[in-house]
Amino acid sequence: MFGAGYDYHRDINAFEQNDDDRSSPLNILSADTVGSRDRPSNVSDLMRNGLNRRSSVIMAETGKRVQRTFSFFDDRTTNTSELLLQSPTSVNEEDVPYHHPIVAPKWSDPWKRRSRAVMSNPLIRGVLKASLAYFMASLAVYCKPISRLLGSSDSKHLVCTVVVYFPATRTLGSMIESIIFVVMALSFAFSVSVMCSSVSSAFYNQEEEEICYGIDLIISCSTLGMISFMKQRVNTQNFNTACSLAAISLISCLIKDGSRDASIVPWSKIQSLFLIVSLGCVLSVATCYLIWPTSAEVELRQKLNETCDILSSLLRQSTNKFLRYEDIDSPDVRHLTQALKKNTSSLTESLHHAKFELVPMGKEMQYHVLDDLVSSSLKLAMDIRGLMRSVEMQWNLLQEKESSIPEVDRSTLASDPNSVYTLFRSGDSMMDGSSRAQSLINEDSEDDVVASKPKELFDLFVYYLGPSMKSFAFTMRQILDGIPFDDTPEYANRETSHYSRSLLLASELFQQSHSKALGKLYEQSMFKEDTDFKNKIDQEEVAASCGNFSEMLLEFSRELDRYLTILNDYKELCESEETSYDFLKFWKRKSLKVEHKRTLNEALSRMQGVKTDLNPKNTFSYRLWSASRAFQRVDIQFGLRVGLGAFAIALFAFLDKTRDKFDDWRGEWALVTYCIIMNKSLGGTTMTVKWRFLGTFIGALSAYLIWDFFEGNVYGLALAGWLMCLPCFYIILYWKENNAFGRFILLTYNLTVLYSYTMSLKSPENIPDYDDEGGGNPIVFEIAFHRFIGVSAGVLWAIIMTLMLFPNSARSRIRRGLSLLWLRMGIIWNSDPLSFERDPDTSEYRLVGIRDTKMIHHIMSELEVLLKQAPKEIRLKGPFPTKTYEKLLKSTSKVIDVFENLNVMIDLEPLLTENERVVLNHIKAERAELENRVFLIFYMIASAMRLGFPLVRKPASTENAKDRMLAKLSDMRNREDSGSQMLKNEDFVLFYSYTLITTIITDELDKLIYLVGELFGVVAEDTLEL
């Protein structure tokens, strides 16, 4: 974007032409969602003309301050699709997004160009890379020398299974983490197998077979339950896959082999499994590192670039819609918000994987700075959501004012020479006049302009601050488009130190205009005149909305400045190439100082006031009750369910009457499938059932047809296997949903073809006596059919256990989760977000703010997962109301966003002045009443959701308490002196924003009440029966 080829005049022209859609590649790629040209604007033509004014703008690259005339409401270039439809002659290098520069091709031959384009396609590279690793893994079965090195085990197909579980397309850091987890999982599985087999073999040799089998059965199934418990606790993809390998190893050693020969420790089996899994890991790692390697650090840099692009687009949209008086809830903003949410999630994952690349190489400091950079990006994303909620406040106020105030005839306004209308008409003529007319208007008309009704305060605020706001947003967008990294394949560091100075200048310029605009608002006679209560409230709400948006914009700029500082530190670290291995010095690790933050328990104590202790905690019965509560935890119930279900299947392997049937129908794979598919909820278990059945059937059928066609020819099988894995890896890597379908097909194919070929190479003396699938001349149809039945039996047993033992429905959990979330949010809000406490060190008063939001976000994330699982559950009542629950989560998410909005404003200036403390004490009673009423609504809808009983009407009104608080604030602001020093207009922004945020919360609560009623419908008489 910038640097040696920077075109200063290009940026000036872009600013003048209002080419807002150039800044982000995301906008170019989603042109159909960005434009707003076809939507009518709520801004009058007078406002459009009034904003055709000169404004100072700081150019981000040079830091120069220039003045240019522009029109923010020029619709000619707001539709990105029109920019894309321009003639080719009008498109030049300046129109290309900054993160995607034009690079001239270095080859001219069409065939070479096409082949290079195909091979540089990430999708094709990924599939080819994974398939190549799979092909080499299959040679462990098809190549006799390699096969002999792996021993006489019939589980050599696990080499391909490991490659499927850990595809070579993952990043280097992810592969390192996977190998660490595999080592841990196999070490655990083999340790348990050796210890258990040692004990059981001792009893077996003493002719205590029942005790021997009982030990193997109980220990193996308990261990499988423990593995499932840990899988649920850690809940990461790499760890889950390693747990699956541990389960396979444990079942193979203790159950399959232990049930046949418990007299010895299966050292040969353990050695063979170790070699098989190790070979699979080596092939996957080698392919990952040697063929088109992908770095998690480079991927993280790319994600950071994309985050800045999306933030730039959302900043443009938010500013646009605030100045246009448009609703923020539009398709283009929803699209960008979803993209930002997805991108921020991938940022955390990429950072986690980058840690395994950087820390072992001595780049620990770089990792910590990247961690700060990601944290700052998440904070910017939070700030932009707060900015969007501020636009929503404005929209709601405008809708309320337009519906309650009749239209005023423009001729009446035009007769007043000092009205807002007249000023805008003057601004219109200004565009056709000279610069002298401009100065006359600035000096004369602007000082005497009068707003005649509350809604015109918005027009006045936009008139004074709109151009500066546009300039400020333009500078920040230029910075976002220029950071953090270049668009080279390695995403190299970019020089960004000069942006900090440009941002500082732009921020100071905007703050001056902001103070002036707020001063102009509060200088209006309507704030000083004695008017009716309703008009006074309307005036204060409008002024608060304007101040809130400006403060959120300033907070975004402050966090952007912190982002630039961290980015500069990262660049210096990369250039210094300093190494550090402090993570190895565990004896020098500093204990983390935990910052005291308000917790939910403190909020509960504040709310209850009285501490009761009706049941002493030192009694035996209480301790017994407290210990038994552990079995109510979902993760512990999940581990018990898996362990007991595995016991029921494995029992057939140890009973004399069923042992042969267990082996014939491949009961070990039913057990493996059961352990892998199990989920803590019924919806999570059934999510992949259809795809697992279908994938197993396709894999078994394909294996039989391929074997029958090639008649066991090794070359044909190897080639067919490679072709078979191509579409499977495409599904695994690039399907957004149900990508496990490809893995089901490929694993079943492995279990059939590769196993059959392994058996065909065995000599008759090495074939087990219980084998009835053809031995050295395998009956592939029988093998494929047995695999399908074994996997299907495991799936059905998983569903039965989920339904029968400790049933945990995603539908009931989402209802309970919503109820607890609303109750938690109500308690936190009732603990007074504007409360303050005295710092014992400095004797200063500091606002506490809203705390414990981390758990709120955690519960919200869990509910989003449950919402995906709930529709997959069996429901006789009818289809699950997914749309209604999506709306419930959407409204709840908006309330969480405004919580963060208020937190951002509190963190901006947490220290209280004496006068601010006087104001807070003055409105304490009104705040308490307002918070109690909001808590009551939260409490009622939480109870309604838990009981399944709809609310017929709003349980409490907040309007009176809110209006009284606004009136008190207005009276205090109009006083000439509030104490030792004068209160500025900016000092009231936090208090007014608090009331506006309360309004948004109550509006969303009204929606929640309606949706709960829609969810449960009409109350029947049997609902109230005992």
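Please read every residue number as a count from 1 along the shown chain.
From the backbone N, Cα and C atoms, a Cβ is placed for every residue, glycine too.
Marked as domain 'Integral membrane bound transporter' by TrEMBL: 655-801.
As annotated by TrEMBL, domain 'DUF2421' applies to 807-1016.
Marked as region 'Disordered' by TrEMBL: 16-46.
Cβ atoms under 8 Å from those of the transmembrane segment (122-142) belong to residues 150, 156-157, 159-160, 162-164, 167-169, 276, 279-280, 283-284, 287-288, 291-292, 714, 717-718, 721-722, 725-726, 729-730, 732-734, 746, 754, 757-758 of the same chain, restricted to positions at least 6 beyond its ends. Residues annotated as transmembrane segment in TrEMBL: 122-142 (among others).
Per TrEMBL, transmembrane segment is recorded for 179-204 (among others).
According to TrEMBL, the transmembrane segment annotation covers 236-255 (among others).
Feature annotation from TrEMBL assigns transmembrane segment to 267-292 (among others).
Look at TrEMBL and you will find 638-655 (among others) tagged as transmembrane segment.
Non-local neighbours of the transmembrane segment (689-707) in the same chain are 673, 677, 716-717, 720-721, 724, 738, 740-749, 751-753, 756, 780-781, 784-785, 787-788, 791-792, 795, 799; each lies 6+ residues outside the stretch with a CB under 8 Å from one of its CB atoms. Look at TrEMBL and you will find 689-707 (among others) tagged as transmembrane segment.
Residues annotated as transmembrane segment in TrEMBL: 713-733 (among others).
For 740-759 (among others), the entry in TrEMBL reads transmembrane segment.
As annotated by TrEMBL, transmembrane segment applies to 779-806 (among others). Note on the transmembrane segment (779-806): residues 637-638, 640-641, 644-645, 648-649, 664-674, 677-679, 681-682, 685-686, 689, 692-693, 696-697, 700-701, 703-704, 707-708, 748, 751-753, 755-756, 772-773 of its chain, located 6 or more positions outside it, place their CB under 8 angstroms from a CB of the stretch.
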Non-local residues, at least 6 beyond the ends, that sit with Cβ under 8 Å of the transmembrane segment (713-733): 123, 126-127, 130-131, 134-135, 138-139, 142, 164, 167, 169, 702, 706-707, 739-743, 745-746, 749, 753-754, 757
Seg_contact(the transmembrane segment (267-292), the transmembrane segment (638-655)) with at least 3 CB pairs under 8 angstroms, min sep 6: no
Spatial neighbours of the transmembrane segment (638-655) far in sequence, C-beta under 8 Å, 6+ residues away: 213, 216-218, 220-222, 224-226, 228-229, 232, 251, 255-256, 259, 631, 661-663, 667-668, 670-671, 674-675, 678-680, 794, 797-798, 801-802, 805-806, 808
Integer average pLDDT (0 to 100) for the domain 'DUF2421' (807-1016): 83
